[in-house]
Amino acid sequence: MLEKYLEISKEVSEALKENKPVVALESTIISHGMPYPKNAETALNVEKIIRDKGAIPATIAILNGKLKVGLTKDEIEYLGKKGKEVVKTSRRDIPFILAKKLDGATTVASTMIVANLAGIKVFGTGGIGGVHRGAQESFDISADLQELANTNVAVVCAGAKSILDIGLTLEYLETQGVPVVGFGTEELPAFYTRKSGFKVDYRVDTAKELAEALKAKWDLGLKGGMVVGNPIPEEYQMDYDTITKAINDAVKEAEEKGIKGKESTPFLLAKVKDITKGKSLEANIQLVYNNVAVASDLAIELSKLNK
C-alpha cells in the first residue's frame with residue numbers, strides 16, 4: 001500500500017535495512033528558507049556534514065505527488081530553483097499534494113510523518129514552529145507541536161524560531177508530554193541566540209545519553225518525539241537586543257499587513273534578514289550545520305542501541 005506513495009532512495013533504503021544511522025532533513029528550508037543558489041548549496045553542504053560524520057542523509061520532499069526520502073543533487077537543485085512556487089506542505093496538505101501530483105516542500109511536521117513512515121527516527125533542522133505571538137486571539141499554533149506529541153521522531157533544532165512566543169510553545173509541549181532537552185545547555189536556545197530565558201526540562205551532554213532516553217521512551221510505548229535544543233555556535237550567534245528589535249519590528253509589520261497562517265514564518269524570517277542586512281541568514285545556515293552534526297551523532301548512538 002505504502003509503495004504507491006512512498007519512494008525511498010536505494011542508498012537510504014539499504015542503510016535502513018542494515019540498521020545504519022540515517023538523518024532526515026526537511027525541504028521547506030530549501031524552497032522557502034533562503035534564496036537560490038544559497039538554498040541548494042546549503043542543502044548539499046548539510047548532506048556532506050552528515051556523511052562526514054558517518055551517517056546517511058535523507059532529504060525529504062514531495063515531487064510529482066510522491067513522498068521522496070533521499071533526494072538526488074538534481075532534485076535538490078530543482079527545489080532550490082522553484083523556491084516559493086513549491087507548496088509548503090504540512091500534515092493537512094499531504095493528501096491533496098499527492099492526489100494532485102504536485103511538488104511539496106515538507107515542514108517539520110510533514111518531514112516527521114514521512115521519516116516515521118520510512119523508519120527514520122532522527123531529524124535535524126533549523127528551528128521548530130510553535131505558538132505564534134498573540135495566539136491567545138489568533139489561535140495560530142504550528143502543526144509541528146502536535147506532530148511532536150504524536151510521531152516517534154527526535155528533532156534536533158536550535159530551539160523554536162525566535163519570531164514565536166517561546167514561553168507558550170513550551171507550555172503547549174509540556175501539556176502534550178513532549179520532553180524538551182537542552183544539548184549541553186540548561187536553557188532552550190532561541191534560534192539566533194544561545195539563550196532565551198526559558199529553562200529546558202533536562203540537560204543532556206552526550207548523544208549516547210540522548211539515545212538511551214529515546215530508546216526507553218519508545219520501548220515503553222510512550223508515543224511522540226523529543227525536542228533537542230542545540231544552541232547556535234557562539235561565534236555565529238547574534239546580539240540579543242539587535243535580533244529582538246528586528247523581530248518585534250517584523251511582527252508589527254506582519255500585523256499591519258494582515259499576514260497570517262503558513263505565510264507568516266517565511267515573511268518574518270525574510271523581514272528579519274532584511275533588517276539585519278543578511279546576518280540572520282548566515283546565522284541560520286550555521287545553526288543548521290551544527291544541528292545536523294548533533295543529529296548524526298544521535299542517529300549513530302541510536303543505531304548502536306538497536307543492534
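Any Cβ shown, glycine's included, is placed from N, Cα and C.
What Swiss-Prot lists as active site, proton donor is Glu26. Around the Cβ of Glu26 (active site, proton donor), 27 further Cβ atoms fall within 10 Å across all displayed protein chains.
Under a cutoff of 8 A between CB atoms, and with a sequence separation of 6+ in the same chain, the neighbours of Lys161 (active site, nucleophile) are Gly126, Gly127, Ile128, Gly129, Gly130, Phe191, Thr265, Leu269. Per Swiss-Prot, active site, nucleophile is recorded for Lys161, and the stated evidence type is sequence analysis.
Swiss-Prot lists Lys88, Val108, Ser142, Ala143, Asp144 with the feature substrate binding site, giving sequence analysis as the kind of evidence. Same-chain residues at least 6 positions away in sequence with a Cβ under 8 Å from that of Ser142 (substrate binding site) are, in sequence order, Val108, Ala109, Ile128, Gly129, Gly130, Val131, His132, Leu164. DSSP classifies Ser142 (substrate binding site) as coil under the three-state reduction.
Annotated Mn(2+) binding site per Swiss-Prot: Asp140, in sequence order. Within 10 Å of the C-beta of Asp140 (Mn(2+) binding site) there are 18 other C-beta atoms, taking all protein chains into account.
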Maximum Cα-Cα separation in Å among residues Lys88, Val108, Ser142, Ala143, Asp144, which the record lists as binding substrate: 13
Sparsest Cβ surroundings (other CB atoms within 10 Å) among the binding-site residues Val108, Ala143: Ala143
Mapped DSSP class for Lys161 (active site, nucleophile), helix or strand or coil: coil
Same chain, 6+ residues apart, C-beta under 8 Å of the C-beta of Asp144 (substrate binding site), given in sequence order: Thr107, Val108, Ala109, Met112, Ile128, Gly129, Gly130
Lys88 (substrate binding site) CB neighbourhood, other CB atoms within 10 A: 19
Using Cα positions only, nearest of the binding-site residues to Glu26 (active site, proton donor) (Lys88, Asp140, Ala143): Lys88
